[in-house]
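Report on one structure; see the data block that follows.
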Amino acid sequence: MQDESGKAALGSPSSKCNHSAGPLAFTEFVAGQNSLHLNGHNINQNGHNTTATPAPQPQFGSGAPSPAPSPVPVIPREQWGGKYEFLLSCIGYCVGLGNVWRFPYLCYRNGGGVFLIPYFIMLFVTGVPLFLMELSLGQYGAAGPITVWKCCPLLKGIGIGMLCVSCLVCLYYNVIIAWTFYYLVSSLQSPLPWSCDAIANIGLCGNITTNSSAGRGLSPTEKFWNERVLGVGIRSSGKVVYVTATFPYFVLIVLIIRGATLEGSLQGIAFYLTPDWSRLANAQVWNDAASQVFYSLGIGVGGLLSMASYNKFDNNVIRDTLIITGGNCCTSFFAGFAIFSILGHMAWKKGVPVGEVADTGPGLAFVAYPEALALLPGSVFWSIMFFLMLFMMGIDTLFGNMEGITTAVLDEFPHLRTNTLHKSLFLGTLCFCFYLMGLLLVTDGGIYWFTLIDSFSTSFGLIIITLFMCMGISFFYGVNQFCQDIIDMIRHCPPWCTKVLYYFKACWVFCTPFLLLLILIYIFMEMYNTSLHYGPYVYPRWGKALGVCIGVTCCMQIPIWAIVALCKETGTLKDRFQKSIRPLNSWRVNLNSSTRVEQHMEPERVEAPFTVTLTDMDFTAMTWDAGSEA
C-alpha cells in the first residue's frame, strides 16, 4: 500500500518483519532512529524530514501487524477540452459588461481622457502581473480559491475574502442581466419604445430644444431608463464561448461606424481622449481605475483561480495572460469610442457640454447605447442583436463568478463532486438565495442600493485582498519558488517567457505592492472628502458608512482566518507563524498529471516525537529467526 506521495507507508504490510530477513530488517529499522534504548525503553524519532505520516507501529514478534490506514480516495477533477476552450472561456469571462457598461460610465464620471492615464498604469503594473499570479496559482495547485492556499495556510482568509467579493458581484450582476433582458424584450416592437418615433415620445422629442434652454432636457432614452426600467420617477459554457466571446466585437464595430457618422460625435471623442490633468489629484479617479482593472479582468474574485485549476499542468499561462489582458484592455478602449461618439451627438442635440449630457451613474450605457440603436436603419434588428449580446456577455461573466464560488465549496467538500443529487441541491439553493437577495435591487429605490454595492464591493476591500495575495506569494511562499513553478509548468519554456518573468518578478516584489499600498493610503485619506452620488442624489454619511462596512467585511476575513491558522499550530508564536506559512505536503501533488516528480514533495509535518516500545519478546524472536537461518 502507498500513501499519497507514492512511498510505502510505515505501518503497511510491506514493512513488517519476515523470517528471511529478521535481523537485517531490525538493523535497518534501528539505523533510521535518532536514539535507541533497549529492554522496554523508548526509541525516539524527532519527526523532522519523515516521508510518511506516522502510523501505529507494529509490535515485532507479537502477532499480526496492525492494519494500515486506507488511502484517501482521489476524486478526479474535470479538465478543459482544449487550450482554446480555456482561452475563449477566460476571454468571455473577462470581456463582459465591465468593458461595455462599467468602463464607459467610470471614464465619463472621472472626466473622460484623464481616466485613461491611471487606468493604463494600473493595468500594466498591477492588473497583468496579478492576472498571471492567479492563473499560475490555480493551474499549479489544481484547486479553487480556498483550497489553493494550502501553499500558505496562514493566508486562507484571502480565499474566503475572494468568495465574499464574488458573492457581492454575483448579487448585482443578476440585476444587470435582468436590465438587458428587459431591453431585449422591449426591442421586439416597432418603433422602439425609446425612439422619437414612438407615440409616447413625440411631444418629448419636439421639446428637447426648448427644455435644454432651461436646463438639461430629458431624452426619450433617459425617460425609458428612469421610469420604465428603474421606476424611480425621475460549463456547458465551454462550447458557448465560441459565439459569446466573438459576437460582441461585431456589434461594437457596427455601433462605432454609426456613431462616427453622427453630428457632434467628434466632440464626444475629444472629451474621451483629452485629459483634464487636475483630476489626477482626485483619489476617486485612482480608486475607480484600480477597481475597474480588477473588475474587468476578474482579479481577486476567485473566478480565474477556479477556471485555471481545470487546466492541464503544462499549459502556457504567460501566453494566455498576455492574450487575455491585451484583448480585454483593447475591448474597453474600443467600446469607449462607441459610447462617447453617441454622447457627443446627444450633447449636440441638447446644446450642452458633453460632461453634462447624461447622468454619470451605472445607467449611462443604458441611455447612450439605445440612443444610437434608435438612429440605425433597421433599428429593431440591431437593438435585438445588441441587447442579446449584452445578455450573453453578462451570462458568460456570471458563469465565471459562480464557478469561483462553486469550485471553492466543492474543493472543501469533495464528496459533493461524486454525489449528483447533493451537488444539484447545493447549486439550486445557491442560485435561489442570490435571486432572493437580488430582489432588493429591483425595487423603486434599488438603483441606490445597486450603486452602493457596486462602488464598495470592488473598492478598497478588493485592493487589500489582492495586496495580501501578492505579498503572501512573494514573501511567504517565495517569489523565486513561484517563478520556478511557472517554468516547471511551461516545461519547454521559450526564451521570451523567462525574460518576461523578470518584469513580473519585479512587479510582484516591489511595483505592484507599492502602488496598491499608495492607492490605499490615498483612498483612506480622501474617503471622507469624496461624496458618493447617483445623479442628483448624494448619499448620506450613514449610507456611505454602510458601503465601507461592505468592503471591511470582505478584507477582514484575512486576519480572522490567519488567527485560526495560528491557533491550529503548536509551539511559540514564532513557531506557529513559521509553520503556518509553510506549504502543506499536498500542495505539490498535482492530480492532473501522473508525471510529476517527487522531489517537489514537502516532508510531512510531525508535531512531536513518537515512540516505539521494544520488549524482551522482540529480542527472543530475533534470536529464533537467526537460529532458523543457520
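Any Cβ shown, glycine's included, is placed from N, Cα and C.
All TrEMBL annotations are machine predictions without curation.
The cysteine that TrEMBL pairs with CYS205 in a disulfide, picked from CYS170, CYS196, is CYS196. Note: the Cα of CYS205 (disulfide bond) and the Cα of ASP396 (Na(+) binding site) are spaced 37 Å from each other.
Contact between the transmembrane segment (456-479) and the transmembrane segment (249-273) is not supported: fewer than 3 Cβ pairs lie under 8 Å, counting only residues 6 or more apart in sequence. Under 8 Å, Cβ to Cβ, and six or more positions away along its own chain, ASN99 (Na(+) binding site) finds SER296, ASN328, THR331, SER332, ALA335. Over all protein chains present, the Cβ of ASN328 (Na(+) binding site) has 27 other Cβ atoms lying within 10 Å.
Using the rule of three or more Cβ pairs under 8 Å, pairs at least 6 apart in sequence, the transmembrane segment (113-132) is not in contact with the transmembrane segment (545-567). Ranked by Cβ neighbours within 10 A across all protein chains shown, the recorded positions VAL95, CYS196, CYS205 are led by VAL95. Apart from GLY92, VAL95, ASN99, SER296, ASN328, ASP396, the Na(+) site neighbourhood in this chain, defined by C-beta within 8 angstroms of the site C-beta centre, holds ILE91, TYR93, CYS94, GLY96, GLY98, GLY327, THR331, MET393, THR397.
Here the transmembrane segment (249-273) has Cβ contacts under 8 Å with residues 100, 107, 112-113, 116, 331, 334-349, 354-355, 369, 372-373, 375-376, 382, 385-386, 389 of the same chain, all six or more residues outside its ends.
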